[in-house]
């Protein structure tokens, strides 16, 4: 679950981290009033969406008058911002962040993620702030400096100083950087985050460090013990199908193709998408129904898949381990009847009672094609989409 920039900075303030004074506004009038609270300009106005690349898309602007603030708010509030990280529809702009402009001397980068290979929280710092860290990692990886947190001791001040020295910081900036490092690490651990990022972390012309931007990603599996973060969730920034799937504990990710995929198991789901692609098809989604492929869950999965108007056929790939394939077939038949599926459905069943399950599908009289193998299933669903 991602947070908006203004929400990230609210958390920074709670932990004593330096950030520009700013206010999130939902109307042009609130935006003008925010400028008055902040004081004399210039100000920076920023569209609040869960996507990067806002500046290049016109969603971030430095303004010198309240009239310009009102014009910016009127132009963006209620609209959708399209960036290189969004789809063609963009993300809705419901809030504008108005904050004091900062005299930027130098831009740095500081962030942390959970590194699966080392099984540690790893902090990354770079002198190349203000650009995508992925681009820096690809083109100049030697400019990224890392430290890993020991799960027994947690963050240590010497690690912050180590990063500061590698960034070439001196004097009071080392102390300020170490404080920010310790604060971010505390937020990361106490709030069950999966990602935290300040890009850029700015050295002002006055010689101080300030968190000019903030990006936080919470671990969705830990939200049950983070009520404050749950309240910050903005579902308007999420795909409605993904939100609906989450309510049924279905793992769904929308894609750009026209072949809906329903699979039990994340690895099998990825393999299914690969083989569909291999045979010339384009997956419309990733959908893992998990181990409990009941009629209710399968029905809901069909509803979610078919809510995408681009879907021209559905491939169901189920491995019956704990759950018997004949029971899964009953669920698929019931779901197809209830939902009223009007596109071809190709089903591949493997495992416990697979033959009985395939027979039930064949005898159902519905527009369900029982495949003999995964390759056969991929070929048949691609052919169905192509009208062959």
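Placement of Cβ uses the backbone N, Cα and C atoms for every residue, glycine included.
Mean pLDDT across the domain 'ATP-grasp' (9-244) comes to 94 in this model. Look at Swiss-Prot and you will find 9-244 tagged as domain 'ATP-grasp', backed by sequence analysis.
Annotation note: residue 102 (ATP binding site) sits in a coil segment as assigned by DSSP. Counting only same-chain residues six or more apart in sequence, the Cβ atoms lying under 8 angstroms from the Cβ of residue 102 (ATP binding site) belong to 20, 44, 202, 204, 210, 212. According to Swiss-Prot, the feature ATP binding site maps to 46, 53, 54, 55, 99, 102, 107, an assignment based on sequence analysis.
Within the same chain, the residues at least 6 positions away from residue 199 (Mg(2+) binding site) whose Cβ sits under 8 Å from its Cβ are 109, 110, 111, 129, 130, 133, 213, 215, listed in sequence order. Secondary structure from DSSP puts residue 199 (Mg(2+) binding site) in a beta strand. Per Swiss-Prot, Mg(2+) binding site is recorded for 199, 213, and the stated evidence type is sequence analysis.
A 10 Å cutoff on Cβ-Cβ distances gives residue 323 (substrate binding site) a total of 19 other Cβ atoms nearby, all chains included. The annotation substrate binding site is assigned in Swiss-Prot to 264, 321, 322, 323 on the grounds of sequence analysis.
Looking at 46, 54, the binding-site residues in this record, the fewest other C-beta atoms within 10 angstroms of the C-beta turn up around 54. Residues 46, 53, 54, 55, 99, 102, 107 are listed as the ATP binders, and the farthest two of them sit 19 Å apart at their Cα atoms. Taking the Cβ of residue 53 (ATP binding site) as centre and 10 Å as the limit, one finds 16 other Cβ atoms among all the protein chains shown.
Secondary structure at residue 53 (ATP binding site), as computed by DSSP, is coil.
Ranking the binding-site residues 264, 321, 322, 323 by Cα distance from residue 53 (ATP binding site) puts 264 first. The Cα of residue 99 (ATP binding site) lies closest to that of 264, out of the binding-site residues 264, 321, 322, 323.
Packing around residue 321 (substrate binding site) is summarised by its Cβ count: 13 other Cβ atoms lie within 10 angstroms of its Cβ, all protein chains included.
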